[in-house]
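TrEMBL has this to say about the protein:
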{"type": "DOMAIN", "residues": "195-400", "note": "domain 'BAAT/Acyl-CoA thioester hydrolase C-terminal'"}
{"type": "ACT_SITE", "residues": "222", "note": "active site, charge relay system"}
{"type": "ACT_SITE", "residues": "313", "note": "active site, charge relay system"}
{"type": "ACT_SITE", "residues": "348", "note": "active site, charge relay system"}
């Protein structure tokens, strides 16, 4: 899924306008689609890796634009994220070629040509093992071979449990435990497990025979990143070799003993809505301000830290949190341990490469479902996903 592809069209008349359309049917039977307009060269060819799209879902030379610009089709469900739940099957993307520059009614036209791609998160030989041990709920992915492998704990934010990033990391040589800690039916506390749960998860990962126990790291997004920053800074029995934090709100919230959604709802004032009625929680968090009793003190971190920030994050104050963490580390002489990657016009949902860019989507709060504004502008957000993933893999390779 993180590998680019090359798409070429041949045997067209010279200087012929055509439309390329990509479609994907999700596991929830939702249709996602993207289209782009091209003109063939004097040889009757189109090379998506080199040629500019003249219109459609994106403009300019975007070799992977037909993936990252995928949107939910008009007439179907809206405001839902593309989530791959079954890692043992691929995402199947159909790409069709149409005569002329078309913008709709594709189903009434006959395609000139068509091809199908399979996009996998799990490489051949990666093993997927469901974990239900000592109260820990998650899925462990182990690379091919005997090991021992460097390993990672992987958690997301308050939206809940996802496996796809862990599967992709295992495909790159890391044993990876995708950890559930909120909104999961098998957890004792569905509204958010406390810090002791993460300590138990760390011990469990260390005990896996195929894992090199002295080469463990932490990788988290949003609230999961804040939890991992707390673990690395304040828990003496947790000694990661490195930490990756993506759009963390750690400068404003200190994770405690669970029930995170209820605590956030009580803490925040009435959030603002944008012109489309989407919830903007970042400004509400900033309005609360930094409380030293509530915010996280990161000076105890002993390992290299990679901070990834989307400057257009409308969900949490990730840039302000990263700046605060940097200042805390510098204050205790550890500024050299911190690397910050800050991406203008990237939003909150920084996924692995080529994942469809989602500026907003539905989010379940206690007692209500809202449309949450994540932020991010298509092309620069997609570029941030691609660049940050490359930098994450380089960082893990260096420190694990």
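Quick reminder: no glycine exception, Cβ is built from N, Cα and C everywhere.
Mean pLDDT across the domain 'BAAT/Acyl-CoA thioester hydrolase C-terminal' (195-400) comes to 87 in this model. Cβ neighbours of residue 348 (active site, charge relay system) (same chain, under 8 Å, six or more residues apart in sequence): 222, 247, 310, 313, 314, 315, 316, 318, 374, 375, 376.
Counted within 10 Å of its Cβ, the other Cβ atoms near residue 222 (active site, charge relay system) come to 25, all protein chains included.
Cβ contacts within 10 Å of residue 313 (active site, charge relay system), excluding its own Cβ and spanning all protein chains shown: 26.
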